[in-house]
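Annotated features, as they stand in TrEMBL:
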DOMAIN    53-135  domain 'GHMP kinase N-terminal'
BINDING   Pro82, Leu83, Ser84, Arg85, Gly86, Leu87, Gly88, Ser89, Ser90, Ala91, Ala92  ATP binding site
DOMAIN    210-261  domain 'GHMP kinase C-terminal'
Amino acid sequence: MIKVKVPATSANIGPGFDCLGVALNLYNTFYFEEIEKGLDIQGCCEEFSNENNLIYTSMKKCFERIGYNFKGIRIIIEDDIPLSRGLGSSAACIVGGVIGANEIAGKVLSKEEILKLAVEIEGHPDNVAPAIFGGMTVAIQDEDNIHYSKINVAKGLKFYAMIPDFTLSTKESRAVLPKEIPYKDGVFNVGRVALLITALTNGEFHLLKTSCDDKLHQIYRGKLIQDFDRIKEKCEEFGSLGMFLSGAGPTLMALDEDKNSKFYDDIKGFLKTLDNKWEVKPLDIDFSGAMVL
Ligand SMILES: Nc1ncnc2c1ncn2[C@@H]1O[C@H](COP(=O)(O)OP(=O)(O)O)[C@@H](O)[C@H]1O
Ligand SMILES: N[C@@H](CCOP(=O)(O)O)C(=O)O
């Protein structure tokens, strides 16, 4: 059986809407096998145990691209990435499916071709690039190509994913975004995304709070997430370096220095007082990206 492990990803990182993302050490593992006929999916809920399963539809697109006629497919899923929480579960399924199919077909596609196909399926490159390559990445698409670059994040940063018990699909969360934004909001974000990247690479972590600010999506999406503002305030009060909406939400991501464990205890205690259940997961950057094991 072919085993593929794909990391979770946190996209946007504040102002980098649809272009910044980071791979984190939380994983989905997929096992693939070509069988005589049909589709056999194991390890996932009934809702996705059918021909519309995103892992399977992504495999089919890959087989189509390569021109490989498969007989049947078995997929076994071990998923630790929570679904529809803004931690890139869909990107992990797409990347896993495309890589799995490419392995079955004889490793025809290069990593760049895998990236291109996975972005075509996902619709934006910010989760897909770090899911494939690991680390933190900038990724953009023009008409024909995906251009990406890795950001060398200075050591010592910890990610705290605050994950609620409710879901918010990316589709729903994109639907509340405006069609147009004021010019000054564009300028606001350009400066912050540039500052964010230099602050991260230079280890100037005191600049993260300001550079995580954004006017393209968080102000619209924050309203969909109960207690968004209160949690943001508390993260600041407890001394986090910065906070942003992870992907399309509803997970919120706080940044802190990895030597400061007090933030974790403080925010965990506060989240317990809220109406919804929130789990806090301390995470680190995954530097490897998707792996065939
Ligand atoms: N383990 C899984 N098995 C099958 N499909 C999955 C799995 N995880 C995620 N998906 C697919 O990804 C979708 C969630 O994607 P999305 O709303 O973009 O949220 P996320 O922020 O988690 O990527 C699900 O509706 C489902 O189609
Ligand atoms: N740039 C996208 C990122 C979606 O990430 P996900 O992890 O929520 O799927 C967006 O903001 O819509």
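Glycine too: its Cβ is placed from the backbone N, Cα and C atoms.
All features noted in TrEMBL, drawn onto the structure.
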residue	record	contacts (Cβ under 8 Å, 6+ apart)
Pro82	ATP binding site	Ser89, Ile163, Thr251
Ser84	ATP binding site	Thr167, Leu168, Ser169, Thr170
Gly86	ATP binding site	Ser10, Ala11, Leu168, Thr170, Ser173, Leu245, Ser246, Gly247, Ala248, Gly249, Pro250, Thr251
Gly88	ATP binding site	Ala8, Thr9, Ser10, Ala11, Gly21, Ile81, Asn127, Ala131, Gly247
Ser90	ATP binding site	Leu54, Glu122, Asn127, Thr170
Ala92	ATP binding site	Val6, Pro7, Ala8, Thr9, Tyr27, Asn28, Asp79, Ile81, Ala131
Averaged pLDDT score, the domain 'GHMP kinase N-terminal' (53-135): 97
Where the C-beta lies under 6 angstroms from ligand 2, the matching binding-site residues among Pro82, Ser84, Gly86: Gly86
Residue counts (helix, strand, coil, in that order) that DSSP gives for the domain 'GHMP kinase C-terminal' (210-261): 19 helix, 10 strand, 23 coil
Secondary structure at Gly88 (ATP binding site), reduced by DSSP to three states: coil
Structural state census, the domain 'GHMP kinase N-terminal' (53-135) (DSSP three-state): 47 helix, 8 strand, 28 coil
Listed binding-site residues adjacent to ligand 1, that is, members of Pro82, Gly88, Ala92 whose C-beta is under 6 A away: Gly88
